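*Asks:* The following block contains the structure, expressed as structure tokens.
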Ligand SMILES: O=P(O)(O)OC[C@H]1O[C@H](O)[C@H](O)[C@@H](O)[C@@H]1O
């Protein structure tokens with residue numbers, strides 16, 4: 001990497017403050033001492049001692065009701081965590097982000113995904129230019145395009161309307177739109193089909209095209225850089241499939257749209273820039289699905305619903321920007337994670353939605369959280385001396401109950417979890433299936449209770465369980481959860497949830513003093529893959545392969561008969 005000194009972030013405080021390592025701060029030490037004092041405090045005791053706890057440790061923001069009372073915290077813990085946030089100047093960094101400072105110091109960029117959902121009347125400057133008009137100009141063009149596809153006025157090369165939309169992208173250009181499409185499927189045009197192709201494994205594209213008709217298929221090639229190997233490889237194959245199917249290169253224009261920041265590369269690929277939708281380098285890939293990267297989603301749910309979703313994001317942005325730390329939900333969730341990672345040795349964090357439509361949510365959060373906070377050097381390059389981002393994982397809760405919840409309840413690992421649920425079932429659910437919703441939600445509430453309070457040996461024995469089985473049937477409890485309950489999984493609520501997690505990740509990165517907005521850790525593997533590939537295909541000796549990798553390459557070649 002270059003030896004150029006990193007640009008300093010403006011306005012985040014004096015240098016001496018910033019240079020102080022997190023683990024040398026008094027506020028960190030105070031939390032450590034507090035943790036010692038808490039010792040084996042039980043959630044049962046905390047609830048027994050404080051009848052108002054369940055009322056007090058809840059927060060309503062927009063359409064979200066968050067109950068964080070089942071966390072291993074006291075009022076004192078929350079106070080100390082808020083002090084830590086104060087000492088680490090999280091709010092100052094937040095304000096620097098919101099006003100467009102280059103807080104992404106290693107790439108010298110602003111971080112302004114909040115501008116993507118700002119109302120038309122807002123003024124937000126990046127490098128001296130108000131970006132809000134550009135954001136809305138792109139949204140308007142997207143809306144026009146989406147409306148044409150949805151109203152069947154967008155015709156393919158042979159004059160037929162689109163039936164299948166295939167989004168080709170990976171990472172932030174796939175996970176967001178794919179997750180949100182699943183989440184908002186009940187709001188989508190059911191006569192249009194959507195596929196999301198990301199894997200360079202040709203099977204992914206094949207499965208999305210094997211029953212498709214080129215005459216009615218529209219590809220949306222989504223890539224911030226438009227250089228990502230997987231995406232360009234799949235888009236090239238898709239283009240070949242289309243041209244072979246329709247017999248002419250001329251068909252490409254009516255069947256390909258692009259979303260990117262790289263106009264030149266889009267042109268070079270041969271996509272008409274009239275069908276290109278842009279965004280900006282101040283939008284990180286994993287923070288981009290509310291930009292033009294959401295084009296496929298907008299085609300699915302329509303511009304109006306998409307705007308409702310943006311309004312949900314904006315609601316949470318406003319809350320994050322203005323609510324005091326102790327009543328600020330992204331701050332609270334972020335600080336709880338700091339608490340568990342720093343003082344309870346939590347290695348992972350589970351996000352368990354009790355909703356079929358949220359099946360891709362944890363996968364989406366994996367990139368958001370782990371690519372942002374999976375770092376081990378501080379903003380100025382010094383190593384960290386504390387745990388940073390956790391392993392984030394999860395699947396819909398009911399399915400998890402029959403798979404890995406055993407470990408959550410009785411294993412030796414400590415796994416804090418978020419339980420997400422919705423009071424109303426999916427809006428398009430047939431009447432006959434609606435009663436199942438109560439069963440679904442009963443499970444969510446029951447799991448939170450079982451994880452928190454467990455079942456003591458005395459209680460188990462009292463139920464007449466044979467003595468030899470008592471230890472096996474005892475549940476220790478004190479497994480913390482935060483429950484987030486909303487009325488329904490609407491576009492607005494989805495926007496609120498995503499913005500909540502975006503800002504939670506921000507808070508954690510700020511306290512840990514890492515740059516949540518670069519991703520150098522994904523580079524090395526990409527570079528090595530480029531070196532290894534010729535060895536697989538041409539058999540040329542590749543220099544610099546270690547003995548194990550060289551052996552695997554040789555075995556691969558033998559297996560492929562090369
Ligand atoms: O949108 P693209 O430029 O194609 O990038 C797609 C993805 O690939 C990269 O490897 C990054 O790690 C991700 O942050 C990014 O979302």
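Any Cβ shown, glycine's included, is placed from N, Cα and C.
According to TrEMBL, the feature region 'Disordered' maps to 1-20. The active site, proton donor feature in TrEMBL is assigned to 371. Per TrEMBL, active site is recorded for 402, 526.
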*Asks:* Pop the Cα-Cα gap between residue 371 (active site, proton donor) and residue 526 (active site) into the table, whole Å please.
*Replies:* 15
*Asks:* Cβ atoms within 10 Å, counted per site: which of 402, 526 has the most, among these active-site residues?
*Replies:* 526
*Asks:* Calculate the distance in Å between the alpha carbons (Cα) of residue 402 (active site) and residue 371 (active site, proton donor), and round it to a whole number.
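*Replies:* Roughly 29 Å, rounded to the nearest whole number.
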*Asks:* Just jot down the residues in the same chain as residue 371 (active site, proton donor), at least 6 apart in sequence, with C-beta under 8 A of its C-beta; none if empty.
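*Replies:* Residues satisfying the criterion: 171, 286, 519, 521, 522.
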*Asks:* According to DSSP, does residue 402 (active site) fall in a helix, a strand, or coil?
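*Replies:* DSSP call for residue 402 (active site): coil, neither helix nor strand.
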